[in-house]
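**Q** Just lifted these from Swiss-Prot, have a look:
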| type | residues | note |
| --- | --- | --- |
| DISULFID | Cys25-Cys53 | disulfide bond |
| DISULFID | Cys32-Cys47 | disulfide bond |
| DISULFID | Cys37-Cys54 | disulfide bond |
| SIGNAL | 1-20 | signal peptide |
Amino acid sequence: MRIVYLLIPFFLLFLQGAAGTATQCRIRGGFCRVGSCRFPHIAIGKCATFISCCGRAYEVDALNSVRTSPWLLAPGNNPH
């Protein structure tokens with residue numbers, strides 16, 4: 001029975017998780033959520049044992065950075 005008192009601190013230490021991961025999640029632009037992430041967010045990491053770091057599946061700026069050439073948009077201006 002004495003060993004139970006010695007194992008309890010190790011068990012609590014195991015459940016605590018790594019310190020600072022919630023801060024790292026926020027730095028990456030995410031937020032912590034208990035359980036799984038809901039649409040339109042995806043899991044980008046872990047905040048703790050049962051807590052996911054959720055973020056957007058895509059960024060709007062990444063979609064806006066795609067450039068299209070004007071000759072692709074204008075009919076009859078194909079150089080080939």
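Glycine is no exception: its Cβ is also placed from the backbone N, Cα and C atoms.
Situate these features within the shown structure.
**A** Look at Cys25 (disulfide bond): DSSP puts it in a helix.
In the three-state DSSP classification, Cys32 (disulfide bond) falls within a strand. Annotation for Cys32 (disulfide bond): spatial neighbours Ala22, Cys25, Cys47, Ala48, Ile51, Ser52, Cys53, Cys54, criterion Cβ-Cβ under 8 Å with sequence separation of six or more.
DSSP classifies Cys37 (disulfide bond) as coil under the three-state reduction. Taking Cβ-Cβ distances under 8 Å and a sequence separation of 6 or more, the neighbours of Cys37 (disulfide bond) in its chain are Ala43, Ser52, Cys54.
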